[in-house]
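Here is what TrEMBL says about this protein:
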type: BINDING; residues: CYS84, CYS89, CYS125, CYS129; note: [2Fe-2S] cluster binding site
Amino acid sequence: MLNRQFFPWTPQLLQELIDALKHKPGALLPILHAIQDRCGYVPHEAVPLIADSLQLTRAEVHGVISFYHHFRTTPPGRHVLQVCRAEACQARGARELEQHVKQTLGVDYHQTTADQEISLEPVYCLGTCTCGPSVRIGDRIIGRVTPERFDQLVAEMTTQVLEVS
Ligand code: FES
């Protein structure tokens with residue numbers, strides 16, 4: 001099942017997103033963010049459209065996409081799970097949680113589970129430092145995540161029921 005947060009891309013949608021921002025200074029990053037925010041990732045078909053619109057080479061656009069790990073080039077899973085790796089969460093057990101998360105899901109950062117349910121991403125501070133370790137699932141930030149709580153969250157994600165922490 002597709003991630004319901006995002007819309008399937010079409011060339012027309014991509015061009016609309018590009019056209020809305022292309023006249024701004026430093027338009028490349030805002031365009032890439034807009035595409036990923038709407039479509040869940042930056043499809044490779046967007047590269048020539050962006051390059052032509054901004055008068056850049058395709059290699060230049062590719063270079064920026066690959067430089068920033070934030071940008072996905074493949075569709076995310078049904079849920080995007082971010083684990084905070086910043087210092088305050090590390091001090092509260094984020095490293096152990098991270099190991100548990102990777103082991104449980106069988107993926108590393110920037111990967112998606114084989115069943116396309118969960119994409120795992122690192123994040124550097126979610127603004128809830130005193131409640132670490134923190135994770136974000138979609139738009140929801142959840143604090144004090146223990147391995148046990150994480151297992152519960154995975155069960156909730158796969159049944160679509162997410163409770164506020
Ligand atoms: S350090 Fe993790 S939320 Fe700020």
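Cβ atoms here come from the backbone N, Cα and C positions, even for glycine.
Take the mean position of the Cβ atoms of CYS84, CYS89, CYS125, CYS129, the recorded [2Fe-2S] cluster site; other residues of that chain with a Cβ within 8 Å of it are ARG85, ALA86, GLU87, ALA88, ALA94, VAL123, TYR124, LEU126, GLY127, THR128, GLY132, PRO133, SER134. Counting only same-chain residues six or more apart in sequence, the Cβ atoms lying under 8 angstroms from the Cβ of CYS125 ([2Fe-2S] cluster binding site) belong to CYS84, ALA86, ALA88, CYS89.
When Cβ atoms from all protein chains are considered, those within 10 Å of CYS89 ([2Fe-2S] cluster binding site) total 27, not counting its own. The binding-site residues in question are CYS84, CYS129, and the one with the fewest Cβ neighbours inside 10 Å is CYS129. Mapped onto three states, the DSSP output places CYS84 ([2Fe-2S] cluster binding site) in strand. CYS125 ([2Fe-2S] cluster binding site) falls outside any helix or strand according to DSSP and counts as coil.
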